[in-house]
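Copied over from TrEMBL:
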type     : residues  : note
TRANSMEM : B:21-51   : transmembrane segment
TRANSMEM : B:63-82   : transmembrane segment
TRANSMEM : B:116-135 : transmembrane segment
TRANSMEM : B:147-166 : transmembrane segment
TRANSMEM : B:199-217 : transmembrane segment
TRANSMEM : B:246-268 : transmembrane segment
TRANSMEM : B:280-308 : transmembrane segment
TRANSMEM : B:329-349 : transmembrane segment
Amino acid sequence: MKRTLFAAAAILLAGCINSGAWAADKLKVGFIYLGPVGDLGWTYQHELARQALVKELGDKIETTFLENVPEGPDAERAIEQLVRAGNKLIFTTSFGYMDPTLKVAKKYPNVHFEHCSGYKRDKNMSTYSARWYQGRYIQGLIAAKMSKAGVLGYIGSFPIPEVVSGINATMLGAQTINPNIKVKIIWVNSWFDPGKEADAAKALLDQGADMIMQHTDSPAAMQVSSERGKLAFGQDSEMIKFGPKAQLTSILDTWAPYYIERVKAELAGTWKSEDTWGGLESKMFEMAPYTNMPDDVKKMAEDTQAAIASGKLHPFKCPVVTQDGKDVECKGGDHLEDTQILGMNFYVKGIDDKLPGK
Amino acid sequence: MQLVLEKRAERSATIALISPLIAIGLTIATLCIVFAVLGKNPIAALAVYFIDPLTDGYSLQEIAVKATPLVMIAIGLSLCYLANAWNIGAEGQFLIGAVAGSWLAVKTQGTDAGHWVLPAMLVLGAAAGALYALIPAICKVRFGASEILTSLMLVYVADLLLDYLVRGPWRDPQGFNFPTTAEFDPVATVPTLIEGGRLHLGSIIALFVVAAGAVLLGRTIKGFEIRVVGAAPRAARFGGFNANQLVLLTFAISGALAGLAGIIEVAGPVGHLQPGISPGYGFTAIIVAFLGRLNPIGILIAGLFLALTFIGGEQAQIAMKIPLDVTKVFQGILLFYVLACDSLILYRFRLISSSPKVQSGAH
């Protein structure tokens with residue numbers, strides 16, 4: 001017994017010395033993940049970016065991640081554990097980590113934090129997100145062209161502005177093709193729940209929608225669409241293998257360039273707190289290849305993508321009209337201002353549904 | 001020769017004591033094999049799991065924070081289980097307690113309510129938990145409905161009620177539609193005990209609960225009644241003990257403790273009401289109750305031990321890149337071994353020579 005204790009102590013000691021030596025030459029970078037790394041959606045994309053980061057800067061950094069961290073009382077502890085393990089730059093990759101990240105950031109002013117998709121910042125806490133609504137607009141165009149029924153099925157996670165602006169952008173895109181397009185929305189109140197997502201997809205198809213779009217993270221809806229011989233859009237990651245005949249395109253979260261840039265800044269000592277909201281032009285996200293559609297639709301999608309990336313086309317170009325027929329104040333010149341999109345809390349005209357909580 | 005399980009003439013007291021230790025020993029042995037298969041040094045991994053978290057004040061605090069709700073709920077559950085009343089719905093009572101206490105926090109938000117708010121919240125939480133637990137208890141006593149089913153089903157009702165409230169009426173107006181209330185005011189928050197740490201008053205309350213549980217079971221007539229009703233219902237009836245009354249009582253106590261744990265968790269470490277405030281505390285507490293042999297001191301130790309596995313599991317992810325799934329496997333096999341070893345209390349292994357008939361019949 002004594003001997004085992006000794007051995008354990010020796011290993012511990014060796015471990016400490018070892019990690020001390022590591023800390024001296026390598027920057028420690030930590031990640032907090034919402035789902036399992038194998039969710040094939042949101043968390044998986046962050047994990048791919050982490051791997052790309054290691055590939056690019058592996059000789060200068062050491063990375064660690066904690067997966068499946070619930071957005072409750074455990075999040076603060078998980079983040080603090082990373083700080084205490086010597087991580088100097090920590091990416092917290094879900095909206096619900098906002099308050100815990102801020103709490104830990106205030107406690108450790110010398111550690112830098114990067115919070116994904118939130119709105120609270122501090123001297124040592126940046127935020128980053130992507131303008132997914134741009135991709136949703138393109139999806140709306142494709143959907144309106146490809147839908148025979150003129151009814152889209154939309155699986156929502158939470159009615160937060162990111163998701164609401166996605167629904168609106170989809171409809172604005174679709175309405176340019178078919179002014180009478182309809183959308184049916186089901187909220188599953190989760191980012192990742194394959195069972196509920198599949199049920200929602202089935203319910204939407206049963207209600208007459210012939211195309212599924214989703215703002216949730218698993219490929220379950222894609223599989224259901226594929227089984228029923230319907231078309232669908234992927235989310236977060238490439239989902240074509242779950243619906244080779246179903247996927248039209250998918251919004252791919254490509255965090256790698258941002259992560260590499262921020263870690264390089266940290267290494268160079270030039271990191272500072274920022275708010276980054278990257279669009280198609282910055283490759284903060286990309287569109288998966290346009291598949292299962294005729295060439296003219298594909299061309300239209302590609303042209304629209306180019307127009308948005310070059311800034312010629314803005315999905316929320318004025319006038320934007322709300323559900324109840326009011327014009328939204330045009331604060332950004334000829335399009336809505338970023339703050340209006342970030343806080344979007346209304347449906348645009350043509351959505352025959354009620355925004356939860358309104 | 002054949003190995004058979006044979007019922008013991010009487011319960012073995014020694015085995016009852018060492019059974020959890022055997023279970024932990026077997027778990028650690030199995031864990032070593034898992035680590036070795038994963039290519040990790042088993043001793044180093046065990047050190048990260050079980051020794052590292054005990055070596056610094058921060059981790060010790062975190063263990064206490066994590067164990068607090070588990071221990072409080074498990075003490076209540078142990079009273080139920082001892083009295084042969086099967087409350088499986090502590091998770092729901094936890095959530096209802098959190099909701100009831102939060103009601104006051106939300107209503108007094110931004111007013112200059114005094115320091116009475118927090119104590120009132122705790123009372124509300126406990127009362128709501130008790131009332132909620134009485135529903136399945138009354139259904140059992142009055143109509144003979146299985147309390148296992150009804151208490152479990154009420155978990156989902158509580159979950160959906162909380163969900164509705166934070167998405168609708170109680171939602172933070174500044175929260176960008178996210179399902180959460182605004183942060184509670186300082187007077188509605190459980191104070192922390194150590195500057196910079198998360199250890200809070202709730203942990204002290206949990207210790208009081210453990211002490212009260214030990215006194216109730218060991219030193220009072222009620223405690224004696226609870227144990228007799230569970231262990232020997234016929235004897236209890238002859239003794240004039242009212243089993244139905246005890247079902248109501250133990251359910252109420254257990255619900256109150258779960259509700260109290262719920263509001264403490266929300267007003268303490270979380271700081272606001274939101275969905276997902278409980279990573280299954282009410283269910284994990286069932287494991288804690290049995291691991292602690294339905295004994296208050298045992299439950300305290302078991303709660304701390306299970307909390308240690310959570311904290312150690314995180315540190316193992318960080319320090320040795322051991323996947324989180326291993327921690328879950330670990331908690332699973334621990335319960336498996338505990339239950340398996342428990343059968344040794346009532347049964348024993350015996351080698352008997354098998355009859356030749358059986359041997360020839362084998363082919």
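Backbone N, Cα and C define each Cβ position, glycine as well.
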Next on the checklist: Quick test of the contact rule: Cβ under 8 Å, at least six residues beyond the ends. What residues does that give for the transmembrane segment (B:280-308)?
Outcome noted: 16, 20, 24, 49-50, 53-54, 62-64, 66-67, 69-71, 73-75, 77-78, 81-82, 88-94, 155, 207, 210-211, 213-214, 217, 258, 261, 265, 331, 334-335, 338-339
Item to check | Long-range neighbours of the transmembrane segment (B:21-51), counting only residues six or more past its ends (CB under 8 A) | outcome: 305, 308-309, 312-313, 315-316, 319-320, 322, 326, 329-330, 333-334, 337-338, 340-341, 344
Checklist entry - Taking B:63-82, B:116-135, B:147-166 as candidates, which has the most Cβ pairs under 8 Å with the transmembrane segment (B:199-217)? => result B:63-82
